[in-house]
């Protein structure tokens, strides 16, 4: 919302959600037309080995960079949670983001990522979804209690801003699930196109409602001061926000293994013909997580990570490749609705990818990681310790 302008941002969210819903179903249609059961095999059959390598690179990069962003979020959020524990000061090791990232990786994300069957993470995903609703409620509450005390930035309610294309990249990052769609489709009790369409409609509809509420409440609270990680905006001694940070940290820790599954599958398909022995399964998983963790320990600016991953990886995976595959496989007349919509989405995707990349390099987001926001020092901000019982 900050990058696009609030009214245009809301419209774009609905637009990206529609394209996501449409292209996820199109992807499975393409799989059925080509008798393939993975994204990579679909592209290989449609565009040959070169297309297969391009997709494999994108399909690896998107979840891999997502893993890096999840570690950055974990380090940002949980350090502030531990800082609120009595007796834990700024010099305590629990407030060191590097230590927290390493600790959560070793104790939680690595063991969960070592599962071989993605269906076993079903309960984990349910917990993550419930916590997302809890976080949304906290953000909505703070819109009412904190929003009036945060001064609004200049041109806060302008219809559109010049960085709208980068905003589409971030939204694509948020909505994309194409890289693991075939994995989830294969895990259904009855993997039919009707079942898949129904599940996709429900899932994307729920996602867009939650995203619009998050975006609207977060932006109305902080307007132009909104950070890439919204919990960086809340004051450190805000107990309700601290609980939200805890839920947020747990959510991304539980989401991390889903992305690791995809990166490992890409490596298995490209280098091991789709099958990893137990030893190689463990070795590949450890290497992937070690490299992602290493990068997240060195780099900590979330906003730029989301923008670049959105325009370079998510946009082609959402907009370009599913439509390009379907158009080549489709036996319908050129003026059939699926072909016309696919052409339109393809053109939009190419524009978003090229223009978004250039604008992200020319106008990168500012990153004020770890800084206490100016309004937290105001004497009239008195909500901090009044919302939760001691």
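A Cβ is built for glycine as well, from the same backbone N, Cα and C atoms used for every other residue.
All annotation found in TrEMBL is predicted automatically rather than curated by experts.
Here TrEMBL flags 1-360 as domain 'Amino acid transporter transmembrane'.
What TrEMBL records for 6-28 (among others) is transmembrane segment.
Per TrEMBL, the feature transmembrane segment maps to 49-73 (among others).
The transmembrane segment feature in TrEMBL is assigned to 93-112 (among others). Long-range contacts of the transmembrane segment (93-112) within the same chain: residues 71, 74-76, 78-79, 82-83, 85, 121, 124, 249, 253-254, 256-257, 260, 285-286, 289, 293, 296-297, 300, each at least 6 residues beyond the stretch ends and with a Cβ under 8 Å from a Cβ of the stretch.
As annotated by TrEMBL, transmembrane segment applies to 124-144 (among others). Listed as Cβ neighbours of the transmembrane segment (124-144) (distance under 8 Å, sequence separation of 6 or more from its ends, same chain) are residues 112, 210, 213-214, 217-218, 220-221, 230, 234, 238, 240-241, 243-244, 247-248, 250-251, 254-255, 257-258, 387.
Positions annotated as transmembrane segment by TrEMBL: 164-188 (among others). Within the chain, the transmembrane segment (164-188) has long-range Cβ neighbours (under 8 A, six or more residues past its boundaries) at 1, 3-5, 8-9, 12-13, 16-17, 20, 23-24, 27-28, 31, 37-39, 59, 62-63, 66, 118-119, 195-196, 199, 203-204, 207-208, 211, 258, 261-262, 265, 306-311, 314-315, 317-319, 321-322, 351-352, 355-356, 359-360, 363.
According to TrEMBL, the feature transmembrane segment maps to 200-222 (among others). Here the transmembrane segment (200-222) has long-range neighbours at 1-2, 6, 9-10, 13-14, 17, 20-21, 24-25, 132-133, 136, 139-140, 142-143, 146-147, 150, 171, 174-175, 177, 230, 233, meaning same-chain residues at least 6 beyond its ends whose C-beta is under 8 angstroms from one of its own.
Look at TrEMBL and you will find 242-262 (among others) tagged as transmembrane segment.
Residues annotated as transmembrane segment in TrEMBL: 274-299 (among others). Long-range contacts of the transmembrane segment (274-299) within its own chain (CB-CB distance under 8 A, at least 6 residues past either end) are made by residues 64, 67-69, 71-72, 75, 98, 101-102, 105, 109-110, 113-114, 116, 260, 263-264, 267-268, 305.
The list of residues near the transmembrane segment (311-329) in space but at least 6 beyond its ends in sequence, with Cβ under 8 angstroms from a Cβ of it, reads 16, 19-20, 23-24, 26-27, 29-30, 33-34, 42-43, 46-47, 55, 58-59, 61-62, 65, 165-166, 168-169, 172-173, 175-176, 178-179, 338-339, 342-343, 345-346, 348-350, 352-353, 356-357, 360. Residues annotated as transmembrane segment in TrEMBL: 311-329 (among others).
Under the heading transmembrane segment, TrEMBL lists 341-362 (among others).
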Checking distant contacts: for the transmembrane segment (49-73), what same-chain residues at least six beyond its ends satisfy Cβ-Cβ under 8 A?
39-40, 43, 101, 105, 173, 176, 179-180, 229, 248-249, 252-253, 255-256, 258-260, 262-263, 266-267, 269-270, 288-289, 292-293, 295-297, 299-302, 305-306, 308-309, 312-314, 316-317, 321
Beyond the flanks of the transmembrane segment (341-362) by 6 or more, those residues with Cβ under 8 Å of it:
19, 22-23, 26, 162-163, 165-166, 168-169, 172, 304, 307-308, 310-312, 315-316, 318-320, 323-324, 326-327, 330
